Amino acid sequence: MHSWERLAVLVLLGAAACAAPPRGRILGGREAEAHARPYMASVQLNGAHLCGGVLVAEQWVLSAAHCLEDAADGKVQVLLGAHSLSQPEPSKRLYDVLRAVPHPDSQPDTIDHDLLLLQLSEKATLGPAVRPLPWQRVDRDVAPGTLCDVAGWGIVNHAGRRPDSLQHVLLPVLDRATCNRRTHHDGAITERLMCAESNRRDSCKGDSGGPLVCGGVLEGVVTSGSRVCGNRKKPGIYTRVASYAAWIDSVLA
């Protein structure tokens with residue numbers, strides 16, 4: 001059995017007493033309009049927010065593979081229809097995870113292939129506050145300067161404050177050549193990855209696995225790589241979903 005498969009089994013069977021800290025790295029953003037992003041998911045470990053996610057089909061949520069690294073002994077669930085993580089909302093529902101499918105080439109020590117598909121225990125109840133997001137299938141780069149939306153429940157300042165309500169920020173896409181400069185990510189950004197500017201506004205810890213949405217279409221997923229949030233020389237890194245269209249389709253089939 002593949003190591004990721006063993007991990008996924010442990011995730012679904014275990015139940016730990018405490019939750020792991022949120023993974024990933026919205027900084028400098030603002031509170032989102034309630035339920036205006038019905039595709040948003042909170043991937044939770046033992047009842048606490050761990051990572052972002054995006055509903056891509058009635059029974060499937062896309063997130064980041066690295067999110068499971070801290071989850072081997074815990075119970076993973078997915079919260080849909082939420083704006084506030086703690087307050088009661090008619091649209092909120094917590095789903096168990098039937099199957100966790102990390103990309104087969106994902107590895108703990110690299111940001112490449114950092115994708116994870118979570119099959120919900122049943123099809124989500126769709127409505128105005130819960131709806132899948134169309135995702136990009138055409139494998140082409142988003143034009144530099146395009147403003148894209150990132151949303152999540154990740155930390156909102158360098159002191160580590162975690163929001164209860166969904167936050168979002170608009171970020172311009174950065175060209176790959178600039179992102180690969182020695183002073184930035186020094187050649188690490190492959191054609192399967194993309195960058196967005198991070199000058200005091202950025203995705204941050206707890207946002208990993210969340211969506212980068214450009215023109216109403218899912219273009220990228222926040223990676224879990226470790227870096228300083230909001231540093232303009234360390235732009236945000238996102239996995240391009242179009243590069244993995246065949247894999248996503250094969251899992252969802």
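Backbone N, Cα and C atoms are what each Cβ position is placed from, and that goes for glycine too.
Given the structure is predicted, the values throughout are model-derived calculations rather than measurements.
Residue ranges 178-182, 183-187, 223-227, 233-237 are listed, and Swiss-Prot annotates 223-227 among them as region 'Self-inhibitor loop'. According to DSSP, D114 (active site, charge relay system) is assigned to coil rather than to any helix or strand.
Taking the Cβ of C195 (disulfide bond) as reference, residues of its chain lying under 8 Å away and at least six apart in sequence are, in sequence order, V173, L174, D175, R176, T178, C179, H185, I189, P235, G236, I237, Y238. Taking Cα separation as the measure, D114 (active site, charge relay system) is nearest to C51 of the disulfide-bonded residues C51, C148, C214.
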